[in-house]
Amino acid sequence: MLVLDVGNTGVTAGRYRAGRVSRVRRRDTGRADAGELRAWLTPSGDAIRQAAYASVVPEVNPLWRDALAAAGFSSVLPIGPHLDLGVAVDYPRPETIGADRLANAAAAARRYEPPVVVCDFGTALTFDVILAEKGYVGGLICPGLPLMFEYLAERTALLPRIGPGRVSRVIGRSTVGAMRSGARLGARGMVREVIEAVRADLDAERLSVCATGGQASWICGDMDIEVDPHLTLRGLGIIGERNPDRFEGM
Ligand SMILES: Nc1ncnc2c1ncn2[C@@H]1O[C@H](COP(=O)(O)OP(=O)(O)O)[C@@H](O)[C@H]1O
Ligand SMILES: CC(C)(COP(=O)(O)O)[C@@H](O)C(=O)NCCC(=O)O
Ligand SMILES: [K+]
């Protein structure tokens with residue numbers, strides 16, 4: 001099946017089969033027309049007709065559904081807490097949990113020994129906690145790197161619009177160097193503090209930690225955290241597999 005993760009910055013798509021994600025591609029979430037999306041969705045030589053998707057941008061859903069229909073997909077599965085996720089959800093209002101976070105929980109529950117924390121470096125930096133018995137119990141939402149960079153440029157006169165890049169020294173010797181070092185070390189500090197606090201809160205001796213999302217390797221490449229680039233897409237595939245009767249015809 002096709003798995004599609006519609007985030008606030010980027011849309012990632014891939015092909016899921018038997019626990020594996022392949023042919024991953026990415027584009028900006030920003031406005032596009034259905035024709036353009038259709039061309040992007042149609043993988044050459046692929047006869048996939050089912051798509052499972054997680055969207056956290058409701059306003060673009062009709063566009064993607066139209067594009068999926070136009071690209072020849074016959075059934076789609078929007079991810080939500082009403083589905084069999086393979087992991088329990090113990091949360092006051094499950095319908096408010098981002099679909100990408102549910103997918104992360106489904107994938108993490110399968111691959112890692114609970115308790116597990118998933119760090120997802122998207123537009124927001126999210127942390128999701130999955131326990132052995134209760135399953136998904138919640139997490140934390142922080143500003144992600146795209147927001148840090150964008151907001152700094154937007155709300156100051158002199159700071160340029162930049163993104164991640166090589167950080168050669170802790171103490172920046174230029175504006176860009178200082179911004180990059182600040183973003184990277186700031187995010188690493190955030191991750192360390194959150195993980196430590198979660199560990200203390202759970203009173204857990206052992207805690208599995210994995211990271212996914214666009215900038216996961218820039219932040220935790222050399223930390224004791226497993227970077228799992230396609231975790232969200234794999235979660236979508238796992239949920240799709242568990243809910244064959246819940247796909248909706250188009
Ligand atoms: N494979 C990648 N390598 C490096 N950076 C990436 C990659 N994919 C996405 N990014 C960057 O990571 C940031 C977050 O993107 P993404 O994870 O797609 O966020 P969201 O899920 O919120 O849309 C963006 O700045 C994006 O440009
Ligand atoms: C927290 C998020 C903004 C993360 O989205 P992303 O950074 O991947 O674009 C998204 O999962 C979302 O809008 N969630 C709904 C609120 C919640 O999960 O509680
Ligand atoms: K995401």
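The backbone N, Cα and C atoms fix where each Cβ goes, glycine too.
For the ATP site that TrEMBL gives as ASP5, VAL6, GLY7, ASN8, THR9, GLY10, VAL11, THR12, the extra residue drawn from THR96, THR123, THR126 is THR123. Distances between the Cα of ASP5 (ATP binding site) and those of the binding-site residues GLY98, ALA99, THR175 are shortest for ALA99. Residues from the recorded positions list (GLY7, THR9, VAL11, ASP100, ASP120, THR123) with a C-beta closer than 6 Å to any atom of ligand 3: GLY7, ASP100, ASP120. Largest Cα to Cα distance within the recorded substrate binders TYR91, GLY98, ALA99, ASP100, ARG101, THR175: about 43 Å as a whole number.
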